[in-house]
Structure formats: C-alpha cells, structure tokens
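A.B. asks: Next up is a structure, given as structure tokens.
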Amino acid sequence: MKYIGAHVSAAGGLANAPARAAEIGATAFALFTKNQRQWRAAPLTPQVIDDFKIACEKYHFSAAQILPHDSYLINLGHPVSEALEKSRVAFLDEMQRCEQLGLTLLNFHPGSHLMQIAQEDCLARIAESINIALAQTEGVTAVIENTAGQGSNLGFEFEQLAAIIDGVEDKSRVGVCIDTCHAFAAGYDLRTPEACEKTFAGFGKIVGFQYLRGMHLNDAKSAFGSRVDRHHSLGEGNIGHDAFRWIMQDARFDGIPLILETINPDIWAEEIAWLKAQQIAEAVA
C-alpha cells in the first residue's frame, strides 16, 4: 500500500492540514507544526491538539501517513556552540510537538558545517543532537532527509546518512527520507529504471531499507550532479516520469509517506492521481 500526498499548508490551524490533503486525493501528507521561519512558537493548546487528532481521524490519516517537517532554521551540526544549542532546543521542541500531536515521524535536514569544522565533526554533532532529543521524547522517530549538497550542507551522500545513523544510540528511532530531486542533484542517477535499480541498490547496501521512513517525490530543474536544489513538477524536469513510475511499482516503498514538494500546488491532485495510476497499472500487469 502506497501512501501518496503532498506538503500541505496548516494556515488557519493545524486541523486544516488533513482536510487540505483529503481535498487533493492524498493518502499521506506533510506539514509544519509551527511557523518554520521562526525559532519559537506558542505551545500547542489542548484544543489545537484535539482538533488536529479529530481531523486526522475524520479524514482517515494515521501517524504512519504523516511526515511533519521541522524548521529550516535548525542546524544540528552547527560549528558554534551557542548556535548549536539554540538549534538543539528548537529541534527538541519540534519533537515534543510531534509527540503531543500523536505523530511518530519528524523529517529534518541534517546540518551544515559552514566551512568551519571538518565534515566528520559535523556529522558527529548531528548524531549527538539526535541522541539528546531522543532521550527527552518518546515514540517519535528522527527522519534524516538527504540533501542536494548545496553550500556546506551535509547528508548528500548515502555514506553521510549512514555515519549519522551509526552515531545514534537508539537505532529504532532514527530513519531517513530520500528526496529524489536532492539525490539526483547530488549525483545519484534516477533517469531510467536501470539507474533507479543501481542507485537504490547502493542505498540498501550503505544505509539499509529498514531505515527508509519516507520520501519526497520531486523532479529536478537542476542538472545531474550539480549540487543545486531546484524542484520541478513530475515529468517536467531532468529526472523524468520513469523514476516515479518505478517507485510506484516497487514494494520497498510501501507503507511510508511519499510526499510531493513539486512547484505547482495547483496540479498536486493530478500528480497524486497519476502516481496512483502507476501503482494500479503495475498491479493489473
């Protein structure tokens, strides 16, 4: 069973997100649980929590179908102690908000060394940041997103994701989210079924499919191996339709949120319908 959706707006209240997802025919969704451009947010009230849970139940979304995303401000590998601590406090708050909402996943970008510390030191800081948050929460898995490798962002190589996981003490509460645009921009080819097989065979060997807890399905405006993060609508970019058809027809991607972050929300319903159709076509065949 594929859970397919998009990163929807929670404007007007978190309880609006499940309704917006249902409107576009989604069976999964992503959201921010707070304003992602601000460090601090007002605590969740019992009313907000209850309304969100009721809406999820109304529209038939379980925690396994929801992939919250943390603030882009957070850098869990920051080279400066004070800034690192600020990010760790904010990340813990994000994890606790998920815990309160009954959500079991939190997707985040791993971090950046800002050209100030060695890559290995940054990866170790990220792992320790995860350990700190896991020790103070229950039931929420920290889901590391691969990056395009733009600037000094780490997480663009499968080996870097594996290194972070290796440093996490509770392996049952760490996972990864593979963004197809980021992977392509980082040099992992997805343009043909054969390329997809090779790329994900490497992922399985280096990271392991047991850690795959979600995906972002995005085509790429950016060129292969460019280390530039530019999303595009499915089939409109440099990856093309084949990769997304291949993912829909591979059971290894069942049971996890498959989230669109493509550039035109007006066609998300069409993109979701197309993805569902690829799955049905495979089942019939």
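Note that the numbers count up from 1, one per residue, in the order the chain is shown.
Placement of Cβ uses the backbone N, Cα and C atoms for every residue, glycine included.
So Swiss-Prot lists these for the protein:
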type	residues	note
BINDING	HIS69, HIS109, GLU145	Zn(2+) 1 binding site
BINDING	GLU145, ASP179, HIS216, GLU261	Zn(2+) 2 binding site
BINDING	HIS182, ASP229, HIS231	Zn(2+) 3 binding site
A.B. asks: In whole Å, how far does the CA atom of HIS231 (Zn(2+) 3 binding site) lie from that of GLU145 (Zn(2+) 1 binding site)?
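C.D. replies: Checking the Cα atoms of HIS231 (Zn(2+) 3 binding site) and GLU145 (Zn(2+) 1 binding site) gives a distance of 15 Å.
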A.B. asks: Take the C-alpha atoms of ASP179 (Zn(2+) 2 binding site) and GLU145 (Zn(2+) 1 binding site) and report the distance between them in angstrom, rounded.
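C.D. replies: Distance between the two Cα atoms comes out at 7 Å.
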A.B. asks: In the structure shown, which of the binding-site residues GLU145, ASP179, ASP229, GLU261 has the fewest Cβ neighbours within 10 Å?
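C.D. replies: Relative to the other binding-site residues in GLU145, ASP179, ASP229, GLU261, GLU261 has the fewest Cβ atoms within 10 Å.
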A.B. asks: From the Cα of ASP229 (Zn(2+) 3 binding site) across to the Cα of GLU145 (Zn(2+) 1 binding site), what is the distance in angstrom?
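C.D. replies: Roughly 13 Å, rounded to the nearest whole number.
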A.B. asks: For HIS182 (Zn(2+) 3 binding site) and HIS216 (Zn(2+) 2 binding site), what Cα-Cα distance in Å is obtained after rounding to a whole number?
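C.D. replies: With distance taken Cα to Cα, HIS216 (Zn(2+) 2 binding site) is 9 Å from HIS182 (Zn(2+) 3 binding site).
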